[in-house]
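Student: This is the feature table in TrEMBL:
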type: DOMAIN; residues: 11-169; note: domain 'PNPLA'
type: MOTIF; residues: 15-20; note: motif 'GXGXXG'
type: TRANSMEM; residues: 39-58; note: transmembrane segment
type: MOTIF; residues: 42-46; note: motif 'GXSXG'
type: ACT_SITE; residues: SER44; note: active site, nucleophile
type: ACT_SITE; residues: ASP156; note: active site, proton acceptor
Amino acid sequence: SARRSIVKIGITFSGGGARGFAHLGAVQALHEAGIRPSIISGASAGAIVGAFLAAGYLPKRTMEIIADINFLKYFRPIIIGSGFVKLEKISDLLLNYFPENNFESLELPFTISTTNYTQGKVAYFSEGELIRPLLASASIPVIFEPITIGEDLYVDGGVLCNMPAQVIREQADYLFGINCNPIAKHAMARGT
């Protein structure tokens, strides 16, 4: 649209486990107000939501997909022999919706926040293979098996960067940060 080319809107989605899918309600409200993102970033469940939106899926359709394939059951830990749950089944499901499996095939620029467990630092992915970084960003430590990318192990992006706004800040005129986590009582008392 003309509006998208004039004003660049960025949206960042926090992690938050099953609460992360509440992001879709906020995005639906923005859509109804005529606000469409030009660039997206996300961590953990927010990365999954962000990937669908960056691929061109509308918020309502994304919610239908999540309900149809029951994403939430894959995020309910069932401890197996190693103590880890494997996310490989969800990888196959994601391929149905992202068949080209790369950032370059998305309609919008998109960045995923992960935690490089091997090096102990935040790592961002915005090019190349899509699904492995997406799984890594949602791979909650101790519950899910870390995801190997290259030589390193990666886990949930929310561990070190649960709201990856700064990574797209310079590319957006306006930035919406959508946080689906409860605000601590002491923060509310201070008025922050």
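Using the three backbone atoms N, Cα and C, a Cβ is placed for every residue, glycine included.
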Student: Quick one: mean pLDDT on the motif 'GXSXG' (42-46)?
Tutor: 94
Student: If you measure ASP156 (active site, proton acceptor) to the residue listed as 'active site, nucleophile' at Cα, how many Å is it?
Tutor: 6
Student: Could you put numbers on the helix, strand and coil content of the motif 'GXSXG' (42-46), residue by residue per DSSP?
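Tutor: Going by DSSP assignments, the motif 'GXSXG' (42-46) contains 2 helix, 2 strand, 1 coil.
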Student: Check the DSSP secondary structure of the residue listed as 'active site, proton acceptor', expressed as helix, strand or coil.
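Tutor: Looking at the DSSP assignment, the residue listed as 'active site, proton acceptor' belongs to neither helix nor strand, so coil.
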Student: Using a 10 angstroms cut-off on Cβ to Cβ distances, just flag whichever of SER44, ASP156 is the loneliest among these active-site residues.
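Tutor: Relative to the other active-site residues in SER44, ASP156, ASP156 has the fewest Cβ atoms within 10 Å.
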